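According to TrEMBL:
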- 1-67: domain 'VWFA' (DOMAIN)
- 72-244: domain 'VWFA' (DOMAIN)
- 262-433: domain 'VWFA' (DOMAIN)
- 461-633: domain 'VWFA' (DOMAIN)
- 656-830: domain 'VWFA' (DOMAIN)
- 847-1019: domain 'VWFA' (DOMAIN)
- 1033-1205: domain 'VWFA' (DOMAIN)
- 1238-1413: domain 'VWFA' (DOMAIN)
- 1441-1613: domain 'VWFA' (DOMAIN)
Amino acid sequence: MLILLSSGRSRDNVDAPASALKELGVLVFVIGTRSSNSRELQKISYDPSYALSVSEFTDLPNIQQHQAPRRDVVFLLDGSDGTRSGFPAMRDFVQRVVETLSMDENKDRIAVVQYSRDPAAQFYLNTYTTKGEILNTVRGLRHKGGRPLNTGAALQYVRDNVFTASSGSRRLEGVPQLLILLSGGRSVDNVDTPASALKELGVLVFGIGTRSSDSRELQRISHDPSYALSVSDFTDLPSIQQQLLSSVEAVVIDVTPESPTDVVFLLDGSDGTRNGFPAMRDFVQRVVEKLNVGGDKDRVSVVQYGRDQEVHFYLNTYTTNGDILDIVRGLRHRGGRPLNTGAALQYVRDNVFTASSGSRRQEGVPQMLILLSGGRSNDNVDIPVSALKESGVLIFGIGNINSSKEVQRIASDPSFSQSVSEFSDLPSLLSAMNTAVIQDTTMTPTLIPTILVESQAPRRDVVFLLDGSDGTRSGFPAMRDFVQRVVETLSVDENKDRVAVVQYSRDPAAQFYLNTYTTKGEILNTVRGLRHKGGRPLNTGAALQYVRDNVFTASSGSRRLEGVPQLLILLSGGRSVDNVDTPASALKELGVLVFGIGTRSSDSRELQRISHDPSYALSVSDFTDLPSIQQQLLSSVEAVVIDVTPESPTVLGIKDVVFLLDGSDGTRNGFPAMRDFVQRVVEKLNVGGDKDRVSVVQYGRDQEVHFYLNTYTTNGDILDIVRGLRHRGGRPLNTGAALQYVRDNVFTASSGSRRQEGVPQMLILLSGGRSNDNVDIPVSALKESGVLIFGIGNRNSSKEVQRIASDPSFSQSVSEFSDLPSVQDKPDALSWKTKATNTYFSIARKDVVFLLDGSDGTRNGFPEMRDFVQRVVEKLTVGENRDRVSVVQYSREPEVHFYLNTYTRKEEVVDTVRGLKHKGGRPLNTGAALQYVRDYVFAASSGSRRLESVPQILVLLNGGRSFDNVDKPASALKELGVLVFGIGTRSSDSRELQKISYDPSYALSVSEFTDLPNIQQQLLSAMNTASQAPRRDVVFLLDGSDGTRSGFPAMRDFVQRVVETLSVDENKDRVAVVQYSRDPAAQFYLNTYTTKGEILNTVRGLRHKGGRPLNTGAALQYVRDNVFTASSGSRRLEGVPQLLILLSGGRSVDNVDTPASALKELGVLVFGIGTRSSDSRELQRISHDPSYALSVSDFTDLPSIQQQLLSSVEAVVIDVTPESPTVLGMCYHFDHDTARKDVVFLLDGSDGTRNGFPAMRDFVQRVVEKLNVGGDKDRVSVVQYGRDQEVHFYLNTYTTNGDILDIVRGLRHRGGRPLNTGAALQYVRDNVFTASSGSRRQEGVPQMLILLSGGRSNDNVDIPVSALKESGVLIFGIGNRNSSKEVQRIASDPSFSQSVSEFSDLPSVQDKFFSSLITVHVGATPISPTVIGKTGLDLSIARKDVVFLLDGSDGTRNGFPEMRDFVQRVVEKLTVGENRDRVSVVQYSREPEVHFYLNTYTRKEEVVDTVRGLKHKGGRPLNTGAALQYVRDYVFAASSGSRRLESVPQILVLLNGGRSFDNVDKPASALKELGVLVFGIGTRSSDSRELQKISYDPSYALSVSEFTDLPNIQQQLLSAMNTAVIQDTAMTPTLIPTILGKKNMVLICSISSFTLG
């Protein structure tokens, strides 16, 4: 930012340097006096509005607070019959006013509404983001007409539909809201109520009228009578333009917007505030009296704390001031010590500022915490304070002499904290506090004076690379402090700034990745705890390469591909020993901005070479001087110009246009006219790399590209080429082939098409004859690709051209091409801006269901609903393979008029809709109707294509509040992925509609159903935006045997052309290629590449493999087990279609039937393509269906079947139900056969259970006697509680029944009050059901809590109960007559609770209780009911214990060096350390030998050195079974360094070169039971079935031909290991269909959110 104060005109030229500053991204503000040249000042400023002026510099204070304004301006234009003649003047006036505004999404926004009888929005505040678009639209405004003039209704409309967040209003951000009304007559309806409503909303209304208007009415409407302006006629509007603009600029917004606030009071109730508590209570009372409490207004919560916390009431408990004041008056002091302010702050963040407790943070409502604290906290407050601030909570603090400094630190700003000597002085602060609260709740920008309107919270990925070598030991604390201070200035959040830290010396070590932490507090804690690494030499080059390859990656949290700036800050204290140039260049090519900071010991030239620019290299004499350059660094970071191409250009303004010209013999005479036509159209375009792009193709028998879309970037270049075009000639005319050609070769990314960026694709065909070949298939392919086809034909071709065009109206006909000028200027001929953009996005396939309210209340409005549906359907592209439509009407119950598969033509749908009759009936059960469409309409049998990834859309038209509950069915629809749009009237419940809608912004509103046309375009735009392209996983399996050597180039080209047609992206289509002969080899996996360019490059470079015989069966099995797997990128479990395209040139030597069946069972769709040398029957057996087997005489003929294949791929109906791992409810099946359990007893030890405690103790004793206690069997913990908790022993304290029974017999009753069951439940969740306390939750061991409670809890139990259930803990409860209802609520299921009159009656329920407990066998105890795969966990920071088991028998003598190298390379990829990855190596033949254990080495260098020195053991026979048993018993043991009991994943990698002499089944099972993830790697000498049995899962068995091929599967192993670690630690629940025998069984299901089938 540059602020220039200038008092005169410059003598030299300011233009070039001003432009240079703007290009650098500098925001220039200029302030001048009357002596300055105002035009010069405006030129210098970043924007003319940034030029400010004063008479003299003594007036500078007057403009100190000025900020470049942001405004939302709405024009409301009288379009009634009375303004017909004046409308052009109104339109020009709007245009001139818009010219003066600073249009930008983050500056001024504009909307225009025209009205007469009813209003119609011409465009909303968020429709356009550039001045040009707005001016274009305003110029094209047409007078609406109509009568009478309902100004009141129009004012109400803009309040309810335009000044809203969904329409682009930024009212809740404090942006001024302006309405400029131009009215030419008196309103027929009442204007007072809507005018008041606008003023209450904070809208500033300016009224402009003519002599025909009612001046008093205008004054009443306007914000102030002085804001009402008048002209005699609208043609005089220019005369008041400046007056209006001055008023707009000068306006002081003193209206407090109607902005509700959520206020939480946190009161110190510890022993130290006993005397002051009455004054605190009175203070709260007086502040609440000033608030406007209500459900939609202010909300209040009060929490008291000391040692722990007590919520007196939540934000959604009370909705009136009176109720709250009653409770506040009755507050009692709690007492207790110590004072844990930190825990209390964290508690309110996690439990009070939440949606479930009434917080409206996610709706943009200000969150405020008022803390009254009377002492210094016993615990740390920094982390919870940071967490609250990052959550957007404003903290106000009031302290006394004991706490004022800490309170000042806690407050959001020092000015937000106050201090009193005693709390009895609180009244003196009341007015100041009220002012602060009011100022802040208004959300006005006055809180922090700033002029940086341009700044939006930037997103940055910042990596610190710290020199941790021996030479920086003394300077390291200063480096650490520097990182800490820089992080303090960032806005850390998952969606804002992200931070990673790497330390290096000889080699680098990531301290944490970009996605490790999401809060500033966590990062600062970790940074504070950083220890100096040490070591030499200093390899800066290797460290730079490491961060490029391992940190600036999507898996580590980098958002580079989203266009987020990537920053690397290097702190180096010496010269690098290795080369830095190559890795520094690689970082720059990746777009990483490198800042280098060195000391006098560094090599300054080296630093400059590493840095993004030499000016980015900073220097200090010593690291202790780092604070001196901190601001310089931060300024550079802020000012940096990011030249990364934005994600997607705006669609409306740019196009990719391809001309396809008939150059056959038949057009020889007409060709010059065609050439001139192209020339004239190009002259109208705005050609440029980021603007319009053009290509020209001429065709006859075949095609010739004159230039591609990315060949030329200026109109001039294109026109030069077009002028020189020569007619080609030739026959016959193959229009079909030409259309296919442009689809496959011109509308592609490599040829410059920007289709995947959302840029409209247009083809203009000029054809002079009927095609010799078929045009239908390529036309369909182009349309499905989203290409809009415009056609011009002559009398010979007009019918065919009409068929080819996207719509008949897109085709034109001339007698001769010399008549082309006559169609060129037709207004509707090629009106791209309207037709093209309106039609472009409707290409996507959609399933649209209309759900219509047919109850008694909508009888009058039903015709309008019916018409609305008809008009929306008219805009859809209805067809079996395009859009499908269903209509359902409901009142008390639903009735389907037709399903998604009833009609396949638009006419049929429209005819049926026209004949719809109103159903009638009451009550209105919207919930039941939503559930019905979910279960019976959005189903495959009803025509839904959800499983084919076709977008599912529900449009609800509703005229009243539902009689039944809508929450669960609405959630069920969202979980199914249905996009719900809710449209209601003023009789509807707007909150209910927002809950039902997929997103609150998808809820639309009209006054009456007669107003539905006003929101039609808004709905269509939202529907089209929501639609996405389908996702597919496509694997090519290529015959690379000796027999296909000559045909391989044609196969490679075929793959390339098919890939060109796909939409490749991580979240769209994925591609893998495997080549095979004797054995298969993956060229790349589904997750190897994420862009089409990378795939095409690799495919172009494919080499023929060679070899014999041809084992197609083995290859099919290979892709099933190794490619169609999650670790290789398959999304089968997400329901994404799996496609295999096999190209085979001969008959298979091995059996293909079993693997082909296995692929089909997996749901893979196999397409087989063979030649005359193939066995056609074999191909048909392999293919998913015989019709999926295609044949060519030779591979060079593959292009002839390309379209047939693509059509089959597109048209395929996937009727396989995906094996969905998403279990959103929790479902447990239990029996006692193999159960291991972690059982925690939680005993009420409060005063109320003194007499019953001996019976409770005996009960625990008897249950423990029934358990099978042991480290790997059942584990037990006992916790007693009252006011607080005491752990008698943890789950890993004792390992025998005897030890536990001894402790239980000696338990003493604790006593105390009150009874805080909620706190106790939270405590066991956070401190007992944890790995460090012995919980095996992450190993899938059932977690059980047995609660014995003798009274009602004093605190809230719901939140901790939910937390326990979400953690997968099963809660069993036993209560007495005082507590039975609460215990039943706490238990996982009511049947899991028991009740006794007195605890002395416990023996009577013991047997019943124990039978419930032991009939429980958990198939999978989920940690949480959500799928962990989408959380973006960092793979490489997980801790792992990895054991390599190497076959050292005589048979592997030759291959042993390769095995050794493989281990070394895998270890190089691990993060070895005592608290990170640990490694062990065991070699075996007849018997096993340990080279080193998991706890032998703690550094990677030591492991690698030892591995390098490994010698082959030798010996026979090969006893793999004995070796597996050995590693289970002696290596995966705590004494050998295994951290299994800490829930660290245990991995065994077996490298095996032969079949085992002994039995492997039992030891393999034993390893699996222990939770060890076994990966088996074998050669062709191994027994593949044996390896699959040994491996944890058959897909974990990998195969190579010889050990020399191990590098080929290295990445696959590492990916699988990392994926397995996540799956293992996450324990994502999967439904495993099991047949349970005749056993007593308990099934607990949270049905509410369970996803069926």
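Every residue, even glycine, has its Cβ placed from backbone N, Cα and C.
What you are looking at is a predicted structure, and each value in this text was computed from that prediction instead of being measured.
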Among the ranges 262-433, 847-1019, 1238-1413, the one whose Cβ pairs under 8 Å to the domain 'VWFA' (72-244) are most numerous: 847-1019
Segment-segment contact (the domain 'VWFA' (461-633); the domain 'VWFA' (656-830)) at 3 or more Cβ pairs under 8 Å: no
Paired segments the domain 'VWFA' (262-433) and the domain 'VWFA' (1033-1205) in contact, 3+ CB pairs under 8 A: no
Integer mean pLDDT for the domain 'VWFA' (461-633): 91
Cβ-based contact of the domain 'VWFA' (1238-1413) with the domain 'VWFA' (1441-1613), 3 or more pairs under 8 Å: yes
Seg_contact(the domain 'VWFA' (1033-1205), the domain 'VWFA' (1-67)) with at least 3 CB pairs under 8 angstroms, min sep 6: no
Residues of the domain 'VWFA' (1-67) by DSSP state, where helix covers H, G and I: 26 helix, 13 strand, 28 coil
